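Take a look at the structure below.
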Amino acid sequence: MKHFMKMVVQVWLYFYCICLWRCFKFILRKLTGRCELQRICYKNKPGAGRTLKIEASLKSSKSKLLQSSVTVHPDAIEKTIEDILALKKVNVDTNPQLAVSLQACLLQIAGYRHLTVEVEKLRREAYDSENPEHEEMLIKLWKLLKPGVPLDARVTKQWCEIGFQGDDPKTDFRGMGLLGLYNLVYFAEKDTTTALQILSDSLQPKCRDVSKEEFSKVSKTEWEMKKFDKAIGYSFAIVGINITDLAYNLLISGALKTHLYNVAPEAPSLHHFQQTFCFLMNEFHKFWIEVDPVDIMEFNRVRNKFHKRILKQLQKTDMALCPHFAASESLVNV
Amino acid sequence: MGLLSILRKLKSAPDQEVRILLLGLDNAGKTTLLKQLASEDISHITPTQGFNIKSVQSQGFKLNVWDIGGQRKIRPYWRNYFENTDVLIYVIDSADRKRFEETGQELAELLDEEKLSGVPVLIFANKQDLLTAAPASEIAEGLNLHTIRDRVWQIQSCSALTGEGVQDGMNWVCKNVNAKKK
């Protein structure tokens, strides 16, 4: 009974708050002579801060027109904005900025939605070794990561050298499909230096600083074994596929909005997503070294920790996952 | 008696905890099986670096299932997870005939491990949804399973993708949890 009452109070409070908020907006509108959309546009700089607020305001609107404007096709945006301005009785001559700002926001919102669809499509397309395009892409990845080293055969142990699990990478893409391959190729192509550095680091046996005291405790053979234990590093390609999963989750959950709205002033597109992937690979590598896990078995623990850290960073609306890496030099940080 | 006290009473009878080890070559379908057991989405699976663990309630047991990566590089770490294992589940990709020998060797090595001696073993002949999959009987013969005498064992054909056969296998697991030979 107690719980039931508590629930009733909570539901009532919820509706009360909505009502209060509506009244508040009404009073503000009368006082300032501006609607909520105008107030947001005037108060906020272009970027995630503004677009996120506009998106939330439109979604929670009572008007069907405003609600549906976040899912409108990019080509219909201009018409929608005209309708909104008419509905809100905004004088275009005295408020020329509003239409421009609103258009920028809607373009970003539509772009993000479109990107989600595009990424999902790529992810769902399974790697097919019968498809010459897929095969070509895979060979390209090899050539980029192992310049000058020829592949002995299509199915060969050599694939392990770039961090696939076995002698045929086709089974390693799994739930990430072509998206994983596209991301890896993009990284190796656009940010070759970093990719090669990370690949080389991932193959290094981990050299722990061992004090003299400890050194005397470990027998020499054991020490030698540890030194050459290649299993200590992680598998570059597999980690790439796992980080693709992480980037995909950030995108689908909407967490990447802050970043993408800040780095893509027009509309986020696939290359923005792939640049984000490159950044995440780089960051994860640094994080891995910083956390200094004992061995590869800690991968999921480290990965979850990293995921939480990125999510926290993305909560700040002025956040752009730092664009200071080669692949994103062309990016404009608004 | 209120709802809360009933709940509390239910909670006070703790389930027997069972430690299950899920092993097999890479791409055998271990993680898919794990997610299938936990009724989770299986469309976003990536190759396992390290391990995954999930707890599943089944027939009065709390099954703690450890899914360890099957990549050759990771196999040396399997032994770190042997201790206190109640049931070993070994997963085989029934359509990957080229690696039947490799998977047979890994299984034979596991069965020789001292820390796993007497532990009941369930072999899942997975991926039966594929046309090219070998039937469980063929795999059992190929792996000489009938020579296993030091423990209870079972081979179960299944498809982790569709879920077919998985529950049958888990029923066997629950029945044989306490069949560990000392």
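Counting begins at 1 with the first residue displayed.
Glycine is treated like the rest: Cβ placed from N, Cα and C.
Look at TrEMBL and you will find B:G24, B:L25, B:D26, B:N27, B:A28, B:G29, B:K30, B:T31, B:G70, B:N126, B:K127, B:Q128, B:D129 tagged as GTP binding site. Taken from TrEMBL, the feature Mg(2+) binding site applies to B:T31, B:T48.
Contact with chain A, taken as any Cβ pair under 8 Å, is found for the binding-site residues B:D26 out of B:G24, B:D26, B:A28, B:T31, B:K127. Taking only the Cα positions, the spacing between B:T48 (Mg(2+) binding site) and B:D26 (GTP binding site) is 8 angstrom.
In three-state terms derived from DSSP, B:D26 (GTP binding site) belongs to neither a helical nor a strand segment and is classed as coil. Summary for the binding-site residues B:D26, B:D129: the Cβ-based neighbour count within 10 Å is maximal at B:D26. Note: B:T31 (Mg(2+) binding site) has non-local neighbours B:I45, B:T48, B:N52, B:D67, i.e. same-chain residues 6+ apart with C-beta under 8 A of its own C-beta.
With B:G24, B:L25, B:D26, B:N27, B:A28, B:G29, B:K30, B:T31, B:G70, B:N126, B:K127, B:Q128, B:D129 listed as the residues that bind GTP, the site has a largest C-alpha separation of 21 Å. Long-range Cβ proximity for B:G24 (GTP binding site), meaning a same-chain Cβ under 8 A and a gap of 6 or more residues, is found for B:K30, B:G70, B:Y90, B:V91, B:I92, B:D93, B:T103, B:E106.
The Cβ of B:K127 (GTP binding site) lies under 8 Å from the Cβ of B:G29, B:D93, B:S94, B:A95, B:A133, B:S159, B:A160, B:L161, each of which sits 6+ residues away along the same chain. For B:K30 (GTP binding site), the number of other Cβ atoms no farther than 10 Å from its own Cβ, over all displayed protein chains, is 29. Counting every protein chain shown, the number of other Cβ atoms lying within 10 Å of the Cβ of B:T48 (Mg(2+) binding site) is 22. Reduced to three states, the DSSP call for B:T31 (Mg(2+) binding site) is helix.
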